Amino acid sequence: MSTVVLVGAQWGDEGKGKLTDYLAREADLVVRYQGGNNAGHTVVVEGQEFKLHLIPSGILHPDKVCVIGNGVVIDPGVLHRELEMLRAAGRPLAALYISERAHVIMPYHRQCDELEEDCPESLRRIGTTRRGIGPAYADKYAREGLRVVDLLEAGAEERLKLIIRRKGEILGRIHRAPAPDPERVAQEYLDHAEMLRPFVRDTSLLVHEAVRAGRNVLFEGAQGTLLDIDHGTYPYVTSSNPTAGGAAVGTGIGPRVIDTVIGVTKAYTTRVGDGPFPTELKDETGEHLRAAGREYGTTTGRPRRCGWLDTVITRYAARVNSLDYLAVTKLDVLTGLPVLRICRAYRYQGREIHDFPSRLSVLAGCEPVYEELPGWTEDLTGVRSFEELPAAARAYLDRLAELSGVPLGVVSVGPGREQTLPLADFFHRR
């Protein structure tokens, strides 16, 4: 038995969905532990592309069990559409269970998110996905949220109407926005509750029993380390904990259950939305990375900001997640660039710093200190083992691992399952 946590080691969009799908072959359970439909995971199976936002990426393995944990915020309408999309594709699917403790995104959460992002004077305007994620988490921690189990309780209709009416009054006072109709929204969510009912379980108990029975469990994070509410580039962050610690809190298991933590990083760096980005490239190289890597958000379609690989970031991710391995994706995107750069440190006010700063003013003033390595011209998409990679590509990966202080565990050279080069056996470490 092994339990493996897969986390993003950058600003999200690192390719966790592809790797979750790949690693799910050896897992018995695939568990999503935080975030909502602000995350986008693209999985390619036999040439068919699936874009998922809520459902764990292991859903396309019919012999597995997929779990949406208590740390996730759920938009029932989005979940329903994803299930319908998967069923329409005609592929057999894994069993799916949803935590009864997971919180629910309401229409007023989405409305509030949009209003804050559209208000020029808003202090909360940070470039969100406008999906209501932040307001839903805010209500959770203010103890004003609604859990999945609350929608299934007797008296749910009256409680829904009361909360919707109160939230509508607040939206009207602060934003002068039209209030949602309590009758209509309450009925809509009661209908959603019936759709959810067959999937709802005490998933903490389900995962605990799987671990006790010696089954392999894969915990799938959304977003990335630098979007973590506590350890990310605050306030340009998400509203949950994508870091490895979030796997325990977001699923209801103890931290000592976790055996292995894998940090996923692209062979370069990307970011969506606002905030400092020391290695950002605003030139032809940045455009090349965006075009070759198809760097557009799965959820929003926004173009991603692109830059050179930053090992100040990967070292930081290694520290806050206790990374055992690195998984490097999109190595093939670097093909054709004559010279590659890796950021090994920052220079701030004349001195070199090697640790990621918490102050945004410092991060914004940092200049990257680069090492240069030779590129390669060979097409990597047909490579099927690490040894087949060009010498320059292997040297680049080795230096990435050395500067990060974490060994390589897997390398990806394309979106397909078969374009994955394993270097470690994650589920048989004990």
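Residue numbering: from 1, along the chain as shown.
Just so you know, glycine gets a Cβ as well, placed from its N, Cα and C.
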Original post:
The IMP site in Swiss-Prot includes Asp13, Glu14, Gly15, Lys16, Asn38, Ala39, Gly40, His41, Thr129, Arg143, Gln223, Thr238. Which of Arg290, Arg302, Arg315 is also listed there?
Top reply: Arg302
Original post:
For Gln223 (IMP binding site) and His41 (active site, proton donor), what Cα-Cα distance in Å is obtained after rounding to a whole number?
Top reply: 10
Original post:
Out of the binding-site residues listed (Asn38, Thr129, Arg302, Pro303, Leu331, Val413), which are within 10 Å of Asp13 (Mg(2+) binding site), Cα to Cα?
Top reply: none
Original post:
Using C-alpha atoms, which one of the binding-site residues Gly12, Lys18, Thr300, Gly301, Leu331 comes nearest to Thr129 (IMP binding site)?
Top reply: Thr300
Original post:
Among the binding-site residues listed here, Thr42, Thr129, which has the most company in the form of other Cβ atoms within 10 Å of its Cβ?
Top reply: Thr129
Subject >> Pairwise CA distance, His41 (active site, proton donor) versus Pro303 (substrate binding site), rounded so that it is a whole Å >> reply: 16
